[in-house]
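Among the features that TrEMBL reports, transmembrane segment is placed at 314-336, 379-403, 415-435, 456-476, 488-512, 538-564, 570-593, 605-629, 649-675.
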Amino acid sequence: SSNSISTPMFFPLPSDLTKNRPKMESCRGFRMWAFVLMCLMFQSGNGFYLPGSYPHKYGVADELWVKVNSLTSIDTEMPFSYYSLPFCKPEGGVKDSAENLGELLVGDRIENSPYRFKMYTNESEIFLCQLEKLSDDQFKILKKRIDEMYQVNLLLDNLPAIRFTKKEDYLLRWTGYPVGIKIQDVYYLFNHLRFNVLVHKYEETNVARVMGTGDAAELIPTIGKEGSDKPGYMVVGFEVIPCSILHNADSVKGMNMYSKYPSPIKCDPSTVAMPIREGQPVTFTYEVTFEESDIKWPSRWDAYLKMEGAKVHWFSILNSLMVITFLAGIVLVIFLRTVRRDLTRYEELDKEAQAQMNEELSGWKLVVGDVFRAPTNSALLCIMVGDGVQILGMAVVTILFAALGFMSPASRGTLITGMLFFYMILGVAAGYVAVRLWRTIGYGDKKGWISVAWKAACFFPGIAFFILTTLNFLLWGSHSTGAIPFSLFVILILLWFCISVPLTLIGGLFGARAPHAEYPVRTNQIPREIPKQKYPSWLMVLGAGTLPFGTLFIELFFIMSSIWMGRVYYVFGFLLIVLILLVVVCAEVSLVLTYMHLCVEDWRWWWKSFFASGSVAIYIFLYSINYLVFDLKNLNGPVSATLYLGYSLFMVLAIMLATGTVGFLSSFWFVYYLFSSVKLD
């Protein structure tokens, strides 16, 4: 159900009605907040069924079809199509399932499969198909995929197949199952699958839909259809146990798909019996059992989303809070003791004493005539700040929506699709900030604003496009499903030039029309000479990135494990808190460093304030290399390592622009506030 809330439109009101306008607006605002609160309460209480993630009721003996996703491996990080290996194909041919933009970008290729179940009907020894002879190419590709530890990923009712293994009294949980296993130079194939489907009895009263209107929302129970008194079930779990069984090839000749295998099959996952050899036939079979479970439909993803180590996340947040408190103390000292004391002393003096004091001034007060001097490459700074605002806005909005549960893992690719959508829409903010900053630096001059807005629309997407195209050629060469299809490339370019660029130019137009910030002090014609420093200022700038890195490196490990090790990451509440803390730390670090530079009469603070917080990206990239060497040490081949480093570089660039922007804007506000508090001519 696609529910939309109509946004109230405000028209010019007659003068005698304007007094009621605030009341009307507040009333509408109250209704909107009431709806949001109601949604959140409904979510926490009875499970929140978003559009596209509603429960599906199956009657007894109704057909259920398993779908297959791309084969994946943490050793290569390159997904491949399921049917690139010699597996059984469905009778009606292979068909792609409906996919969204996000699924295609992350390399998911969901297709139909021949595995068929009947709801609440246990079946065993089901014959699937027999491959007459393994060709030389098929034999080689199977061996290669087994060596590279590729996993088969199956889906039933949108739930990934889960596999449990025991290790030293611990029960380990995995998604998917391996293609095969190598023991003493012999390759064994898992050709028999034992499925266990967990079902929960359909409860009509627990299912409700939200109907949205312009004014309020109400909960309406779903109306039962005819025959709803028959028992129905919902799929709440999907487990798989792979086995390697040596079948009698002659006994299955002439058998049809889904026929019963002539002899009993004992599936023992601890033993393997089906070695693969060139020219040898391979037989595939399966069995399925259904088990009624207490797991309710809204909780069926809990098994996948259980994130170990919640204490570690809290430790990360407490660690960040300590850093923030320490920095906040320094900032407070700067404001209350140093700046306020100097300003108070200065204002208490009479004019003659002020004139005498001007000659004896030291520290930041000496650079008053140069502090707002335009930086070198000012257009590039404006473009990077504009793009940083766009990336940061996208991150905050996406993580907020994910934390509220609007980007369910049940809807694959939603997160990436959402990020793309928010990034394009926030092009308006990028254009506005870039052009307004450009006009402020140019003392209100509008000349060249179109060029700045256009470059802001193309700077980060252009670099991203170059990196992704280069990596895509590597994936195309490997025939991986991770390669973006040419048609999708065209769609992405159209989205960029037909939506993102125009929105950025519109934002630039608003920025050109908005009043620029008037500097509180005049800039001298001749630049002041900067005294020789004891230590290179850039050394301090690069070192400043360690503090923001300290606030996020623990969370970074979980995110990296999610991206590269195939683990599910869904603690977006923690991530939102860490992001807020990161923004605060970046602002504080940059502010303190800017003040320190001004105190030693270094008025070139513009770029230094940007890189003081943006330098956290250097440490994240170094951490990525460390993760590659120590955690992904099994990564095979130069192609996989190049892909990893390429994607890491793309991520680091985005982080640098976002954190650098936070640092620059906080420093700009600080310098503006500082020099507008004192009148120096």
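Each Cβ is built from the backbone N, Cα and C atoms, and glycine gets one as well.
Remark: the transmembrane segment (456-476) makes no contact with the transmembrane segment (314-336), by the rule of 3 or more CB pairs under 8 A. Panel annotation: around the transmembrane segment (379-403), residues 415, 418-419, 422-423, 426-427, 429-435, 437-438, 441, 448, 451-452, 455-456, 459-460, 504, 570, 572-573, 575-576, 579, 583, 606-607, 610, 654, 657-662, 664-665 of the same chain, lying at least six beyond its termini, place a Cβ under 8 Å from a Cβ of the stretch. Note on the transmembrane segment (570-593): residues 305, 307, 310, 313, 316-317, 320-321, 323-324, 327-328, 330-331, 334, 392, 395-396, 399-400, 402-403, 409, 540-541, 544, 547-548, 551-552, 555, 558-559, 608-610, 612-613, 616, 659, 662-667, 670 of its chain, located 6 or more positions outside it, place their CB under 8 angstroms from a CB of the stretch.
Here the transmembrane segment (605-629) has long-range neighbours at 371, 375-378, 381, 384-385, 537-538, 541-546, 548-549, 552-553, 556-557, 560, 564, 585-587, 589-590, 593-594, 597-598, 635, 641, 644-645, 648-649, 651-653, 655-657, 659-664, 666-668, 671, meaning same-chain residues at least 6 beyond its ends whose C-beta is under 8 angstroms from one of its own. Pairs of Cβ atoms less than 8 Å apart link the transmembrane segment (314-336) most often to 538-564, out of 415-435, 488-512, 538-564, 649-675.
Proximity of distant same-chain residues to the transmembrane segment (649-675), defined by a Cβ-Cβ separation under 8 Å and at least 6 residues beyond the stretch ends, is recorded for 339, 364, 368, 371-372, 381, 384-385, 387-389, 391-392, 395, 460, 463-464, 467-468, 517, 519-521, 548, 582-583, 586-591, 593-595, 598, 605-606, 609-618, 620-621, 624.
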